[in-house]
Amino acid sequence: MANEQLKSNETADKICHGIPLTDIPNLFQTAPVLNDMKDIHDIGHTFMIKPFKYDSSNPDREPEPIHGIRNYLDIWNDDHVRLPCSPFNVTNDGIPRWPIIQNKLIQLKQKCIEKTATINDIKTTIEESNGASFEIGCLEQLLNQSYSADQRAHFISIILPEMISLALNVGNICSQPPPLLRIGTNRSLTMSQRQAASLLACAFFCLFPQQFNGQINNKYQTYQSFNFIHLLRSGSPWKLEKLKCILHYFRRIIEDMPKGVLTFRRFALPDIWKPKWIESQAPLCKIHLRKNTTIEDMRGLLQVDFANEFIGGGVMNEGIVQEEIRFTICTEMLVSVLICEVMLPNECIFLIGCEQYVTYSGYATTFKAKDNFIDKTPKDSWGRKLSHVVAMDAINYLNSLDQYTIENMSRELIKAYTCFRIPKSMEKSMFGIATGNWGCGAFNGDRQLKAIIQLMAASEAGRPLVYVTWHDQYLVEWFWKVYQYLTNQQATVRDLCIYLQQFSMQYNQSTLFEFILNTPLSLLRKS
């Protein structure tokens with residue numbers, strides 16, 4: 001299956017360079033060997049499910065909540081998500097909020113069953129559950145104008161009541177609040193797809209209390225809001241298309257709840273593990289360059305999410321570029337917005353097992369929801385789809401010339417290496433990396449500089465690189481020319497480090513690729 005898909009990708013994009021995709025190790029060919037969940041004793045890894053082992057002969061077996069069904073253990077502190085069902089979730093007057101929420105949701109569910117519910121009833125339920133006014137013009141437009149009468153009736157009478165049930169049962173389904181993956185920690189969280197669905201249903205009704213880091217001045221919020229407050233408001237045509245994708249996710253999981261497992265992992269690279277670039281003798285990794293494929297099509301590889309430091313970026317609002325699109329079509333990725341604090345320069349976040357539910361066309365303002373998508377990605381022994389995505393945030397250069405300083409190039413190198421470094425538990429599975437023009441859109445990055453930085457990081461990590469240039473044939477050709485020039489001279493990571501150091505002093509005289517091609521390695525090594 002893996003080779004067939006890779007050959008299909010080769011045919012679709014004939015203008016490519018480097019080693020064939022089929023020669024790049026991928027997860028489908030060499031799936032990592034995992035210890036059984038019951039044998040994991042890492043205090044930094046929280047399981048919200050009982051030990052579970054996937055059996056392909058019994059795919060409908062579903063993971064159970066860690067404390068069993070209908071057993072909820074509440075935690076209310078700065079290290080855990082504040083669930084709406086907690087008894088500590090109170091109004092400004094000290095009145096428990098959960099009974100109010102339950103009452104309003106049950107009333108709405110009854111109207112849905114009786115087929116009398118309206119869009120205004122949804123609005124009233126959200127407002128009365130929160131004790132605040134809400135504007136849900138985007139949802140109203142989607143249901144009343146974009147949906148047909150049959151689609152609208154199906155959503156309100158079939159989908160919505162099941163979403164309400166998922167929200168009402170968040171305590172039973174999750175059995176405890178998820179831990180937060182906080183700044184500076186190496187923590188992992190593993191949950192079932194049903195648990196993710198329950199959390200997302202609560203977010204739709206805007207039920208989560210505000211999450212903040214009590215150790216940091218509250219003026220600097222370190223978490224994004226997970227509630228759908230901004231998604232439901234009137235806005236752009238592309239926000240409506242995002243909401244269409246997300247409601248399609250709810251339809252899919254209500255018609256057939258997925259039985260799989262998800263893992264969210266935060267990794268902070270210790271200082272002692274940071275490479276000494278100027279001393280590195282690592283050879284350049286193998287590469288494959290192409291222009292007409294998306295990163296999410298590179299299945300079986302580590303796929304790079306061009307992230308915001310706040311994971312998800314503008315996905316809960318108007319944003320709809322690479323990261324937001326991925327989180328919209330793979331809706332379970334949104335859970336990371338709830339649990340992950342802002343990333344530091346030496347940190348990244350891995351999203352493992354998230355399923356794709358819908359296809360799309362366009363990009364940014366031309367984004368459109370398209371068709372249902374059946375994700376046939378195989379699973380590992382934990383029941384997670386072999387989909388590994390890493391959130392890698394670039395610097396946002398308000399002044400594009402700032403990116404050529406040694407300090408900023410070093411920061412981006414460390415960020416990329418943090419993401420590309422293979423965990424010890426997976427060293428026998430050095431599968432390739434799929435990336436591209438990281439931070440080169442709204443963040444004003446230099447495509448040539450980012451290409452060399454990511455080549456250095458992947459080479460230091462010892463992993464092959466698939467580089468997708470997003471329709472930029474010029475970059476494909478020139479990156480390949482530079483790569484051949486370097487490999488023909490047996491260049492190392494150290495050599496590229498020296499190139500960057502020297503280029504930082506003369507970036508206004510030529511492009512980086514021109515500088516490399518016009519500076520022989522023999523001359524460089526003497527300097």
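Backbone N, Cα and C define each Cβ position, glycine as well.
Per TrEMBL, the feature active site maps to D305, E323, E324. Annotation source TrEMBL lists substrate binding site at N308, Q322, Y363. Annotation comment: TrEMBL describes 148-266 as domain 'PARG helical'. Residues or ranges marked as domain 'PARG catalytic Macro' in TrEMBL: 275-475.
Residue environment of Q322 (substrate binding site) contains 23 other Cβ atoms, counted within 10 Å of its Cβ in all protein chains. Between the C-alpha atoms of Q322 (substrate binding site) and D305 (active site), the distance comes to 7 Å. Checking each of the recorded positions D305, N308, Y363 against E323 (active site) by C-alpha distance, the shortest gap belongs to D305.
Around the Cβ of N308 (substrate binding site), the same chain contributes G314, E323, D393, each under 8 angstroms and 6 or more positions distant in sequence. For the domain 'PARG helical' (148-266), the DSSP counts in helix, strand and coil order read 60 helix, 14 strand, 45 coil. Set side by side, the recorded positions E323, Y363 differ in how many other CB atoms lie within 10 angstroms of their CB, and the most is found at E323.
D305 (active site) is surrounded by 30 other CB atoms, counting those within 10 A of its CB over all protein chains shown.
Long-range C-beta contacts of E324 (active site), restricted to its own chain and to partners at least six residues apart, with a cutoff below 8 Å, comprise K242, G312, G313, G314, V315. If you compare every pair of Cα atoms in N308, Q322, Y363, the residues listed for substrate, the longest distance is 17 angstrom. Taking the C-alpha positions, the distance from D305 (active site) to Y363 (substrate binding site) comes to 15 Å.
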